[in-house]
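A.B. asks: The following feature annotations were taken from TrEMBL:
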- 129-139: compositional bias 'Basic and acidic residues' (COMPBIAS)
- 40-133: domain 'Type II secretion system protein GspG C-terminal' (DOMAIN)
- 117-139: region 'Disordered' (REGION)
- 12-32: transmembrane segment (TRANSMEM)
Amino acid sequence: MVSQHKSLQSGFSLVELMISLVIILAIIGMIAPSFARILGKGNEATTKNTLKIAKQAITEYNIDTHQWPTTLADLEKRPDGISGWSGPYLADSKWSGKEIEDAWGQPLVYKKNEKGAKPPYQLYSNGNPDKEEDRIDAE
């Protein structure tokens, strides 16, 4: 009598596991660039919103003091010799008491232009630090 011996072990062979892993990695490889692009657009939109908040605070500062802030820190702490200041101008935002940063954690850039220049200041983000020429200007 010939005995049939069935294996009682169940599971996947190494080859089956490797094929499954290759398929999963291929799918991830196709999806990852799209996800990175979507995430980048989200960071850009968040940064544009932060720039709008900063621009509004700068405008309020100008209305109150009849001059432009020297630095963004002037929005939070009254500079010496400035009259009419009624800040802090970022008190109702998440930036109250903090340095204003873009979505990548980099500080916004504020440069006061010479008196009489149009526009009176520059406000922008350097954008994604992993990309060159990615500056985002305040609108």
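Every residue, even glycine, has its Cβ placed from backbone N, Cα and C.
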A.B. asks: If you average per-residue pLDDT over the domain 'Type II secretion system protein GspG C-terminal' (40-133), what number do you get?
C.D. replies: 88
A.B. asks: Count the residues of the compositional bias 'Basic and acidic residues' (129-139) that DSSP assigns to helix (H, G, I), to strand (E, B) and to coil, and report the three numbers in that order.
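C.D. replies: Going through the compositional bias 'Basic and acidic residues' (129-139) residue by residue, I get 0 helix, 2 strand, 9 coil.
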